[in-house]
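Q: Here's the feature list from TrEMBL:
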- 9-75: domain 'HMA' (DOMAIN)
- 154-219: domain 'HMA' (DOMAIN)
- 238-303: domain 'HMA' (DOMAIN)
- 419-443: transmembrane segment (TRANSMEM)
- 517-543: transmembrane segment (TRANSMEM)
- 555-573: transmembrane segment (TRANSMEM)
- 713-736: transmembrane segment (TRANSMEM)
- 756-784: transmembrane segment (TRANSMEM)
- 1112-1133: transmembrane segment (TRANSMEM)
- 1145-1164: transmembrane segment (TRANSMEM)
Amino acid sequence: MAPVNQGGLVTTIFISNLHCSSCVHTIDETLKALSPPPTDICVSIVSQSITVNHSKDLSPEAIKSAIEDAGFDIATTPIAGPSSQPDEFLSAASFLTGKRRRHVDQCSMCQQQVGGRAIIGEEATLADHLTPNEKLERNSGGDSRTRVATKGQYQLTLSVGGMTCTSCTGTITNALSELPGVSDIVVSLLGNSATAVLDRQDLAGKVVETVEDIGYEADIISVEEIRVKAQPKDNAPYQLSLSIGGMTCASCSSTLTRLVSEIQDVSDVAINLLGSSGSAIIQHKKLADKIIEVIEDAGYEATVMSLLPVNIFSEGAEYGAFRTISLQVEGMFCEHCPEKIMAALGRFGSAITIDKPLTDHLDPILRLTYLPLPPSFTVRTIVDAIASIKSSPFNVSIYKPPSLEDRARSMQQQEQRHLLFQLGFSVIMAIPTFIIGIVYMSLVPKSDHRRMFLMEPMWAGNASRIEWALFFLATPVMFYSAGTFHRRSLKEIRALWRRGSRTPIWKRFVRFGSMNLLASHVSSGVSVAYFSSIALLALAASAPPSNDGNGDTTTYFDSVVLLTMFLLIGRYLEAYSKGRTADAITSLGNLRPVEAHLLTDSYLAKPGFRVQKIGVDLLEVGDVVRVQNGSTPPADGVIVSGESTFNESSLTGESRPVKKTLGDQVFLGTINNAQVVDVRIDAIGGETMLSHVVRVVRDGQTKRAPIERLADILTGYFVPMVTLLAISTWIIWLSLGLSGVLPRDYLDKDIGGWPVWSLEFAIAVFVVACPCGIGLAAPTALLVGSGLAAKFGILARGGGEAFQEAAQLDAIVFDKTGTLTQGGEPRVTNAEVMPDEVSFPRDVILGIAAEVESTSTHPLAIAIQQYCDQNGAAHASGDAFQETPGRGLQAHFEFRKCTAVIGNEKWMEEHGVTLREETAVRLETWKSEGKSVALLALRNDRVDTALDLPQFILAAVFAISDALRPNAGAVIAQLQAQGLATWMISGDNPTTAKAVAKLVGIPEANVIAGVLPHEKAQRIQWLQQNGVKKQASRWFAKFKKRLNERCVVAMVGDGINDAPALASADVAIAIGSGSDVALSSASFILVSSDLSSILTLVDLSRTVFRRVKFNFLWACLYNMAALPIAAGVIYPAGHARLDPVWGSLAMALSSVSVVCSSLALRLYKPPKA
């Protein structure tokens, strides 16, 4: 020990269990309490060492002793000496092993620092020692210097363990509802998850604490701000969202679109008439004020709803959009490593924005935003820059936090393992219990010497060896195998009666408890059996030995062991089966490959480029990848070379191969069945079709059916009802026995008399009761049903409620264009141009028609424009375009000095156009063939000439044919055969609509034609009130009146003009190829455009709901039959009673059977069209 300056010493101690800031704090406080206190304390979590500067009066042994007394393990003897002693370097270096030693060998900064002053209080700690809010701080980005503080609400997502039925979800929901600042609580039983909206971010810890206090496990998955505001780069474009008032028609939206589009640096203008909103991409914030000014100058009202950077927080993006990623850097061992990495990233300058920098080597997650420009600048460029740091090689990967399904699956597996351990222990204890308590007591003759030995009293009183043996076997089962449920029950009771609870006193008595509190989840039934057996054992031990030498055997210890074993068998099978019901999302997620074959330098690649194998997370939009035979595209994209056939059954449910050629789109999750193709990536991450499918299925599974609320009510009152029934059973039998009403031969117990005898009935009531089946009847069936629907190309966006409505359908209304007809590429089949009528050449008339129709996206307008362009249309430039939905368009042509209107016959009538007789006959002929017609009329505005035309004159007529979907007629026929009324609604003229209806088999009386979009919604509402309900079965009509007296109507559509009708219908079914507005209004989305999916949808909905009803019926009948039997109603007939052990087996099988009944839905086969 050599003196330092001023007579001080430096002591270095290595500790093996130094691992977090809590340890640092404890050591710091412990050493400061010494006398004299150290002058300086330095603790390094990296090298797990403590360096203490102290005087000679404080010995190193005293420091070592104090640290050991604080619970730390000394790894080496203290090294004491002057502050510059070189031995410290050797000791620190020798303590580091493996990767850490190699790091010190390579890192010059660490070589300079080893043995020097260590870092006190490392900020980063192990996750296991963090509080929920500290975990949240770490997950949300940590350093406040890298985040922009915001005020708003937060979406909290939790993984929740220990839930077993809907009563559990109700318990958690009620507990969280009492927390101030917490709202919109959704608890998913089968997803083992919960979501809530928080007013403050720090409430997340309180939510976790509340869930754990009532007996469940909870862990934070994510806390995301609902309204994100971030500091983007100065040159980042913005997404402007507006609320616009005063729009009344499509002409208004067209006018605003044109005016806003004329502003410089404004693009992607979209005005939504039905939503009274608009959006645009602007290059800088100041343009928002300019757009507001332009809209208000046009006579409308406008308010900015949001102004956010374009896709700045999107993991998957389109080409030219910003992308935000999280990188995980492995191989950091000191505080200098993050500095090296940040310095390497700094070379990119403004090309990247660091959202969460690396500040600590123990927190290896880095989040940044950049604009991909493949192939010159991609995520691979950034990864290579970090990985190529020479002094300290790092391993870099894309960090993706576990998804909700991953966390739920992990928690389910953990719960299953825990149950399996408890079950295994109870089985081990059950073997000797069965031999001693049942074999020797019931099957072995009384004269057997081994039975006589076991029957003899032992230790005290008349307690037999059997009783003592069963006591020692049952006790560990009681407190280990069933211990989890006891703890949850106590927590639940404490939460119910805690101070400050908002639950009314009366409700605490009439509606309380979940399955943890009832014997069906072990606690009450096992506790009653165990503690009553303790009382009986005490009575026997205090009684004098019997004259026949046989001790007492009247206990329920064997029931405790066997009851727990059977219940745990049921719980384990139930947990395993419930895990299987949620396989739909998991199987969809597993379709994503791990690696991709990238064509190097391939943004405009052609065959022959070098192929490089990379991880799919390293792909960018614009990359070209090679998809080999039998493999799936790593992301959505377009074929740029080759042709092949793809199996799209994973998305559409159709197993037949689909031919894909140059320019066709292919999707992640589909399988290439033929030749090799090269695909340019168009969507990655969360923007792929598969991700959208997973998202819709996941969201749909959280939406509950109305029938599930009935289960909530039943299970909410079930526990107090069963408790009351059990107590009443015990009191009634006890009263009858003590009053002498019951015959003496009823009493078959040698000890305890009538109280013990009647108690067995109460225990059986506790044990046999099972609301689990009631709680699981609906959610398990609906979860399997939504997975099946996704398998067949149907996305149940509306969840359980949509399934319930679809199962009760009375009528289905079809849109015509794009639904019954293909709608994709209608074409002009007949046309007549009349140049003599208006004194304009044929090519000019066609040019005017093409120009007017170019402003519309309607399929018929596109068909007319294409026809005119292909038949020699002259160039024409128009202005003052106006569109009237359901009618047509109008425009002015200054150069030609005329005004044009084009649309349907009603549009012509409104403009005073007169049709010649031969033209009217021709139009009727076309319409009778199922063709749509469009008419063009012109008005000459040159009033000073002899060619003055004071009114519109017909200039051309067109007939447009839209081919029917191949199986439309067969689908309609099958729906009608099932008793469903089929209707058609269209904005087209009645003649064409009726002709199409006749072709597909819809009655003419059920055709609604010539209606505007808002009128479609009105007709749907009229049909709901006046439609004929489907004929109920005789049994149903005889015994029960239909609960829903109005007609349940489904609407099938695909276009923007169908959105109001879809929103008004009970069941909205959108064709997957339809518009975003239609999809957002849908209860179900058909990924495939094949109408036979509707047959599958209706049939599957009915099948699922029949299974839900069957599950409910079975669960209710079980309880209605089992509870009276357990209460002893059949005891007078031959003294037959339900033993608690066999009651527990029956209870376990009842809940498992409900889950298995739901799983049997997987055998479902769809009907054939």
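Cβ from N, Cα, C; glycine included.
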Q: Is the transmembrane segment (419-443) in contact with the transmembrane segment (756-784), using at least 3 Cβ pairs under 8 Å (sequence separation of 6 or more) as the test?
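A: Answer no: the transmembrane segment (756-784) and the transmembrane segment (419-443) share fewer than 3 Cβ pairs below 8 Å.
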Q: Could you tell me how many residues in the domain 'HMA' (154-219) are helical, how many are strand and how many are coil under DSSP?
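A: Helix, strand, coil within the domain 'HMA' (154-219): 23 helix, 24 strand, 19 coil.
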Q: With Cβ-Cβ distances below 8 Å as the criterion, list the same-chain residues six or more beyond the ends of the transmembrane segment (419-443) that contact it, or say none.
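A: Contacts with the transmembrane segment (419-443): 450-451, 454, 466, 469-470, 473-474, 476-477, 480-482, 484, 553, 557-558, 561-562, 564-565, 568-569, 571-572, 575.
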Q: Which stretch, 555-573, 713-736, 1112-1133, tops the Cβ pairs under 8 Å count with the transmembrane segment (1145-1164)?
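A: Going through each listed stretch, the top one turns out to be 555-573.
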Q: Quick one: average pLDDT across the domain 'HMA' (238-303), no decimals.
A: 73
